[in-house]
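> This structure is in structure tokens; I'll ask about it shortly.
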Amino acid sequence: MGEAMSKRLKLQLGGEAAMEERAFPNPFPDYEAAALADADSDSAAAAAAAAAEPPAHRPPAGSLGLPFLAQRKINPTFTRRIQSKIQDLLQQMEEGLKTADPHDCSAYTGWTGIALLYLQLYRVTSDQAYLLRSLDYVKRTLRNLNGRRVTFLCGDAGPLAVGAVVYHKLKSDSEAKECVAKLLQLQRTIVSSDSDLPDELLYGRAGYLYALLYLNTEIGPNTVPQSTLKEVVNAIIESGKNLSKEERKTERCPLLYQWHRKQYVGAAHGMAGIYYVLMQPASNVDQETLTELLKPSIDYVRHKKFRSGNYPSSLSNETDRLVHWCHGAPGVIHMLLQAYKTFKEEKYLKDAMECSDVIWQRGLLRKGYGICHGTAGNGYSFLSLYHLTQDKKYLYRACKFAEWCLDYGAHGCRIPDRPYSLFEGMGGTIHFLSDVLAPETSRFPALELGPWEKEGKVEKDS
Ligand SMILES: [Zn+2]
């Protein structure tokens, strides 16, 4: 009944129509009903669960039901289907890449993204062939650096950081060092006070800072000296303080950021992405800055939450439309989870769970199956929440988004400009599927930093 009520309310608000055009209605029952139906032969319980679900939420024909066993192990049928889909998509991707733009070396839409994907496959399978494949792509990108941008996702920092890590794993230390040195040379333009560089993740300082953190996580804690990190962190903090002062928001939001004169909220261009990177323990931001500047700013963003649990794309935007990693709850959730880890206050976790609910309802996007604005990126929000809470409900939701991706191409989604890339296309879907099979160590690509892995010791999904 509660569900019927909220549906009627949504209709009145016109939300349903907007939702229909951006996302497919989620055809899967949510975890509680699925678990009940699956529980045992107690047909009364199963019938009650089925009755509680409105018809639109009955599982589609051929659905895989509860995708894991009692010990949280993904069940063998589901595992096999994912594994075979990964192989199928990899083949399609390799074929498609033959005609891809040879000069796009970015992690976002270009060859560095493909190198990262193979690095991921190496991480979860320990199969050396994937590492060598990653090296092939790294070599190609390092020949094509263009000096135009500085971030991990869209600039030269991506190819250099991924190059350093791949060479490091192959024990080619001089090549690795050369990549690190070149990456550090970019630092001058980042911290220069007369630069008009933005601060966001895709093109700005936070995207460069991420590359530094990635090196220190993947290679070793002092690969990038603390003094360098500090300068970059300070430049981001100063920039945020300055804009906050200009806009007379020092009380409410002491760290304010903009991109193209708009104060974006989301992970790609906005404050959620910047705060997320600053809160990483590896960023080493001092306690005072965390509590006096970051925390109130995060709370300011939190108060922009829509009733649905979603977030606006920018502070001046009041329409509840986008549920993407780049704009909306699927990006903001990562900020909230990190805030929970940093400040240990329940409210952040509660908001993160609300994000998860809106993503579950509106996250099967018509834009496709990718990371930035697609089903895979949205699916990662469940994996990250599962990681933190160990609540099977979120593992279930991630598995169902993965199940949706098994029908890649069958839903009539729009085809992205870079259909095989890591952030917009098939590469990202493969990345997500491989993480669903190893949820305990999953990482959103180019965002979440894993624990430092000792050389030669790659976690194995046994
Ligand atoms: Zn996007």
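Positions of Cβ are set from backbone N, Cα and C atoms, glycine also.
Please treat TrEMBL annotations as automatic predictions, because they have not gone through curation.
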> Determine which of Cys154, Cys179, Cys253, Cys326 appears in TrEMBL for the same Zn(2+) site as Cys372, His373.
Cys326
> Using the CB centroid of Cys326, Cys372, His373 as the Zn(2+) site centre, which other residues of the same chain sit with their CB within 8 A?
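Close Cβ neighbours, site residues excluded: Ala268, His324, Trp325, His327, Lys367, Gly370, Ile371, Gly374, Gly377, Phe423, Glu424.
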> Let me know how many other Cβ atoms fall within 10 Å of the Cβ of Cys372 (Zn(2+) binding site).
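Cβ-Cβ neighbours of Cys372 (Zn(2+) binding site) within 10 Å number 27.
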> Could you check the binding-site residues Cys326, His373 and say which one's CB has the fewest neighbouring CB atoms inside 10 Å?
Cys326
> May I ask you to report the DSSP-based helix, strand or coil state of Cys326 (Zn(2+) binding site)?
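Looking at the DSSP assignment, Cys326 (Zn(2+) binding site) belongs to neither helix nor strand, so coil.
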